[in-house]
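Chemist: According to TrEMBL, the protein carries these features:
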DOMAIN    21-227  domain 'PNPLA'
MOTIF     25-30  motif 'GXGXXG'
MOTIF     63-67  motif 'GXSXG'
ACT_SITE  Ser65  active site, nucleophile
Amino acid sequence: MRRSSSLPLQPPTYGNLITILSIDGGGIRGIIPGTILAFLESELQNLDGESAVIADYFDVIAGTSTGGLIATMLTSPNGDSRPLFAAKDINQFYLDHCPRIFPQDSHQFVPVANMIKAVCGPKYNGKYLHMILKEILGSTRLHETLTNVVIPTFDIKRLQPTIFSSYEVKKNPSINAFLSDICISTSAAPSYLPAHYFETEDLPGKVREFNMIDGGVAANNPTLVAMGEVTKEIMGGSSDFFAIKPLDYRRFLVISLGTGAPKYQEKYSADEAAKWGVFGWLAGGGSTPLVDVSMQSSSDMVDFHLSALFRAVHIEENYLRICMSISLDKPTRMEHISICRTSLKVALHCHTLHVVNLPRDDQRSMFNGLDQIRPRWTGKVRS
């Protein structure tokens, strides 16, 4: 069974469900959704043939920070109008490049140096990340993705979120940025990587400036943002959507992937936080408590809201959230992971990343969802 590269993306009108895949931010912990997605894509290929890829099954793929990178890997086209990356290649990207994106120093004075860096500037200069993303993604722009994408960022000059959306770009060409700029922006975590500035120019020649940081400060879990983009399209009477009321969530099928949550005992204690001033909240214990708390709470609140929403309309089976508790020998905060080739291989093994270790209910929900998203693929293939 082979898909013709000339066949356009089928809109949701082709089926009876709007399918959304959402991927949280979480730095190097992107290896967790990376592993789950590799498993999901392999199962879809077992069902529908080797040409099946995740982008064929979802109307929208949303991602923040590292999730935005993954969403772009899955949807950015190669020369044959297929994804640049197979899902199984995502973790190899982390393995190959994270040691240079987040270089570690084993010198005995590292803790002191890190505290100084936390005050004086970002921990990492971001140069390698900028270089590798521009090299891989080239001149590909937002409007060229293989399915619709939604990638949140935050504009520190305007002090408001900027959502790079395949839906919005049709109406607002000023956001038709290079995918490399979008990925750099959504990954610019405060205190870790520098803010990113770039410009776009629309057809009349009007220049728009962007002063961007990590979208995780506003929407580390982008599921609700993605649903909001779809809802706006429905309310606007888009012909891409079947007859559906804007709040008819029975027609939504949502898979939301977290990047792991630290176990209870690894979180900050009140005794620790009670001693923090401004510096402590920004760099307490060599970490960044304010950033960590902000992004984790953002993810959890979205899940709390959507779980209640889907239960309220009696379709909780249409919403699957996978976010495992994780633990390494050391705390799982980004700056405490020795990101080198050897330790990353260990991390890949230790994060309970084999999908067989997912809770049985999550496995069952994922497999049940496969049969519902498959019509988008089978309708676009030629035997």
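Using N, Cα and C of the backbone, Cβ positions are placed for all residues, glycine too.
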Chemist: Measure from the Cβ of Ser65 (active site, nucleophile) and count the other Cβ atoms within 10 Å, all protein chains considered.
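Modeler: By my count, 33.
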Chemist: Can you see whether DSSP assigns the residue listed as 'active site, nucleophile' to helix, strand or coil?
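Modeler: SS state of the residue listed as 'active site, nucleophile' = coil.
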Chemist: Just to be sure I understand, if DSSP states are collapsed into helix, strand and coil, how many residues of the motif 'GXGXXG' (25-30) fall in each?
Modeler: 4 helix, 0 strand, 2 coil
